[in-house]
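First comes the structure, then the notes that go with it.
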Amino acid sequence: MEETFVPFRGIKNDLHGRLLCYKQDWTSGIKAGFRILAPTTYIFFASAIPVISFGEQLERNTDGILTAVQTLASTAICGIIHSIIGGQPLLILGVAEPTVIMYTFMFNFAKQRPDLGPGLFLAWTGWVCVWTAILLFLLAILGACSIINRFTRLAGELFGMLIAMLFMQQAIKGLVEEFRVPERDNPHLTEFMPSWRFANGMFALVLSFGLLLTALRSRKARSWRYGTGWLRSLIADYGVPIMVVVWTAVSYIPSESVPKGIPRRLVSPNPWSPGAYQNWTVIKAYVSSSLLLVHLEFYELLDD
């Protein structure tokens, strides 16, 4: 990559390089037919499952203001825009632990400020994201991405290892939480009795390790010594989504003989459910929060 900091030169070079093969990318994908379905489903589940997991963590850390609904919607919208404009199929957009840490810190900061509070958290976060986007636009215009030439592959591998460790940490924390009473629930409910909590945790272990082991085994189906060739190829290509569906179905088997809350499921409100409209009309608070911040900055300048 040419290291240049001339404004817009990097964007111009990227556009020139992408336009040469942009049409071919779409036509080749259409001509591939059903063969493109296997990597599509794999990338879909590879994107959706972490987003749901970290969305649940965000719901706990932000008192339900941010949920898996927002993380799924934002990932879908950004993924579609990036696939049309960016053209980088191996770059999966989504939520990771650093994002959760950032929003958790912002929520705790807003909750401690009487002039913000949880009511203006989304509006304030929206303005933070707006200024972040402006800074990213400036970095792109100045060609700051060319600095990547100064980093070795070790830096990328270390960051990848960090993300992998954070994913495993979240998985372990989630399994441990299955044995405990959720913070915002009534601990006197039947499903939170010690015996039922133990049963819920053990069932969560069975489901998680069952999904993990069967998904890993299905990815190596082409080397199996049994089954026909087309069957092994089918399992190898679609094994992961099939196992997700299978183990999800298994989780519903004991539904009639156990309390309603076992196993615990992610509560995701519909966009039309009572109270959910606030997430769609939060833009009204953008103006009030921006005026509030300007007002505070003005008085701070007067005090100085």
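Keep in mind that glycine also has a Cβ here, set from the backbone N, Cα and C atoms.
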Feature transmembrane segment in TrEMBL, mapped to one of the ranges 90-109, 230-249: 90-109
Contact between the transmembrane segment (154-176) and the transmembrane segment (64-85) (at least 3 Cβ pairs under 8 Å, separation 6+): no
Contact set, same chain, for the transmembrane segment (90-109): CB under 8 Å, 6 or more residues outside the stretch: 43, 46-47, 50-51, 54-55, 57-58, 61-63, 65-66, 71, 75, 78-79, 82, 116, 118, 121, 124-125, 128, 163, 166-167, 169-170
